[in-house]
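Visitor: Pasting the feature list from TrEMBL:
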ACT_SITE  Asp479  active site, nucleophile
ACT_SITE  Asp549  active site, proton donor
BINDING   Trp200, Asp367, Asp368, Arg444, Lys477, Trp478, Asp479, Met480, Asn481, Cys527, Asp549  substrate binding site
DOMAIN    29-286  domain 'Glycosyl hydrolase family 36 N-terminal'
DOMAIN    648-722  domain 'Glycosyl hydrolase family 36 C-terminal'
Amino acid sequence: MGIFIDEAKKLFTLQTNKSTYQMKIGKLGNLLHLYYGAKIANEDLSYLLFDGESHFAPYPHGTTNRTGSLDILPQEFPSCGTGDFRSLGFDVENSDGTHIADLKFKSYEFLKGKYKLESLPTFYATSDDTVESIKITLIDEISGVEVRLYYAVFEEKDIITRAVRVKNTGKEKVTINKLQSVVLDIPQGDFELLHFHGRWAMERQKEFLSIRHGMISFGSNYGVSGNRQNPGFIIMNSKTTENHGECYGFNLVYSGNFTATAEQASLGQTRITLGLGDSSFAWVLKQNEIFEAPEAVMTFSNQGLTKVSQNFHDLIRENLYKGEYVGKSRPVLINNWEATYFDFTGKKLISLAESAKEIGADLLVMDDGWFGNRNDDNRALGDWFVNEKKLGMPLSELSMKINGLGLKFGIWIEPEMISEDSDLYRSHPEWALKFPKRKPLLGRNQLVLDLSKKEVRDYIFKLLIDIFDSVNLEYVKWDMNRPISDWYSNGLASVNQGELQHRYILGLYDLMEKLTKRYPSVLFEGCASGGARFDLGMLAFQPQIWSSDNTDPINRLNIQQGTSYLYPISTMGSHVSISPNHQNGRTTPFDTRINVAMSGTFGYELDVEKLSDTEKKLAKRATEKYKKYQNLIFEGDYYRLETLSNLTAWQIVSKNRKKSLVTIVATELVGNPPFNYIRLHGLDADATYESNGKTYKGDSLMNAGIRLAQSQGDYPSEQIYLKRLN
Ligand code: GLA
């Protein structure tokens, strides 16, 4: 049992194996939050609530005794007009122009298994999970606005998910201006926020901010989740480390605009919110209509940040993506982008495939430039017709020849886009998102298609399936290369334009759902100018996402480690590229590029024909090694190791603790270097492990650590494989 209800005490207690979450219906019917933290018994924690005078703060409607201000009490779903001046979960404009929703408890209902949403992706339960769900309904009796809060408890995984549906049961239409999927009030503590910011080619850089009096607000107005901020974040006590201390992780199953806030309120309480982006958001809800907000996911750990990451990793690996690649090994890719950019022919791709075969690759990806008049990035998006003249052969012939070499065939698409210089734009300019009577803002000389329109989605779907059906296609790289700026759809009335940002994402999910359902065995990989749409919404359809256009292994350390706080490494597209690197010009050793790329979905992004014989041999060995260890890398527990500042190291341990792979990369070398010991984690303390002919006890490796050699040269790296002997 994960959900306990005490009707007499009006308590809802959610129990995972290691955490407890408690809510209570307050005296006046408000849903209050009592606790989220380390596991405790189903005890009534209402004694924690402050019941003194709320000095000079408004107290609830109809009361006069100066207590119970909603600006002070911890709430589960604080809404507008009720005297709570902190960041809110819900803001609604009623038909008379007022912003108030005085939400009071109406009912609750147990739901079997894991709840679902109709319009948005959600986590699901497998037969190995114990999952229970509950729906708690709140209502504003005057407007008839009804809010249904959904909670699911994944007991063994220490995960709680939340979602919200709003129904207008009143007669008058209302407009939702803000709807957050998570609000979490913690009564006391000075927390640090660990969030992940970035930019093109430097995605998900970790940064700590102190949550003090004043609001930290971050999010995306990019149209997609974006590379500026990731919707996933962690809050922690200032003393929390990778392996010790309390912390909470949050993320959103959504690929569009989002807003997150963290603030410390006047009496030292901390409030966290996360949900749909609220800038320019306005959703009109008529009588009996329902609006769904995206699902959010939360986890608590009192064993440090690594545990939060591992809880997220297990859930994302097992409970999100539904296609045939669940638990299946992934092909090693060779992608022609950095090898050729737009300058390729069918013949060139075939010879690339031939040489890729020599190093053991499984799949050739034909990147951008195979369609329409697309010989540079200024044109032809939307013209999804094979350019046979450029390829020098039909696509079917090319794919057959690639298959004939023993490689699978995959292609790049960017289906959400339209170039001004395209046949599609010439025949359907009204399909692009742009403001009326104004010139649109261009990004990479392209515009975005209005995916809120069914006719647009149907047209693109038809074009793509014609291509997909014409070849033996086994992989698709789904790209999205510009932020969305001109939010206007000529398919929506002016009063509904505030719905467009969300309707775009609904349209995107609809298109992806149709394509991934029709091609269940095709491996879809997400991409958005590298990793500008790395989120749980995309991962529901695509098990892997190209992490960054930056393939420099040293920059990749921060990008991939940053990503690992929230997402498993099995989701991170990560390829070996040429040196000096195309993005930053850095020269690095071939084996360091290999060792870094191995902690992800491994592949190559270079012209194999140009490699030296020694490099080819190294690459062949690397591909074999990756295939040997792929299960361990994809399914094992991931640890970011504590090291001296000139090193980055991480460790993967199989769930049965029989195998472990440790990778160490030196980012800076000094003369006469200090001693360097690294402690490992997750091993069996009593067992003996073997590596390179030497044996070590598990407890020695974890407590005393290993001593690293004093390495020389630029950016050396090392991989240590440990095998349990007994
Ligand atoms: C984006 C992607 C690259 C490549 C190009 C093609 O930048 O991130 O990997 O596919 O588009 O135009």
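Glycine is treated like the rest: Cβ placed from N, Cα and C.
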Visitor: So if I measure Cβ to Cβ from Asp479 (active site, nucleophile) and keep only same-chain residues at least 6 apart in sequence, which ones fall under 8 Å?
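Guide: When sequence neighbours closer than 6 are ignored, Asp479 (active site, nucleophile) has Asp368, Trp412, Ile413, Glu414, Cys527, Ala528, Ser529 within Cβ distance under 8 Å.
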Visitor: Anything from the recorded positions Trp200, Asp368, Asp479, Asn481, Asp549 with its Cβ under 6 A from ligand 1? List those in sequence order.
Guide: Asp368, Asp479, Asn481, Asp549
Visitor: Could you give me the DSSP helix, strand and coil counts for the domain 'Glycosyl hydrolase family 36 C-terminal' (648-722)?
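Guide: Summed over the domain 'Glycosyl hydrolase family 36 C-terminal' (648-722), the classes give 6 helix, 32 strand, 37 coil.
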Visitor: May I ask for the distance between Lys477 (substrate binding site) and the residue listed as 'active site, proton donor', taken between their Cα atoms and rounded to an integer number of Å?
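Guide: Distance between the two Cα atoms comes out at 13 Å.
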Visitor: Report, in whole Å, the straight Cα-to-Cα distance of Asp549 (active site, proton donor) from Trp200 (substrate binding site).
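Guide: Here the two Cα atoms lie 8 Å apart.
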Visitor: Sequence gap of 6 or more, Cβ distance under 8 Å: name the residues on the same chain that satisfy this around Asn481 (substrate binding site), in order along the sequence.
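Guide: Listed in sequence order, they are Asp377, Glu414, Met417, Gly443, Arg444, Gln446, Ala528, Ser529.
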Visitor: When you measure from the Cβ of Asp368 (substrate binding site), how many other Cβ atoms are you left with inside 10 Å?
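Guide: There are 21 such Cβ atoms around Asp368 (substrate binding site).
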Visitor: Across the domain 'Glycosyl hydrolase family 36 C-terminal' (648-722), what is the average pLDDT of the model, as a whole number?
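Guide: Here the predicted model's pLDDT, averaged over the domain 'Glycosyl hydrolase family 36 C-terminal' (648-722), is 95.
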Visitor: Specify the secondary structure state of Lys477 (substrate binding site) as given by DSSP, simplified to three classes.
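Guide: Looking at the DSSP assignment, Lys477 (substrate binding site) belongs to a strand.
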Visitor: Using only the residues recorded as binding substrate (Trp200, Asp367, Asp368, Arg444, Lys477, Trp478, Asp479, Met480, Asn481, Cys527, Asp549), report the maximum Cα-Cα distance in Å, whole number please.
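Guide: The two farthest binding residues have Cα atoms 19 Å apart.
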Visitor: With an 8 Å cut-off on Cβ-Cβ distance and a minimum sequence separation of at least 6, pull the same-chain contacts of Asp549 (active site, proton donor), or say none.
Guide: Trp200, Ala201, Ser529, Gly530, Gln583
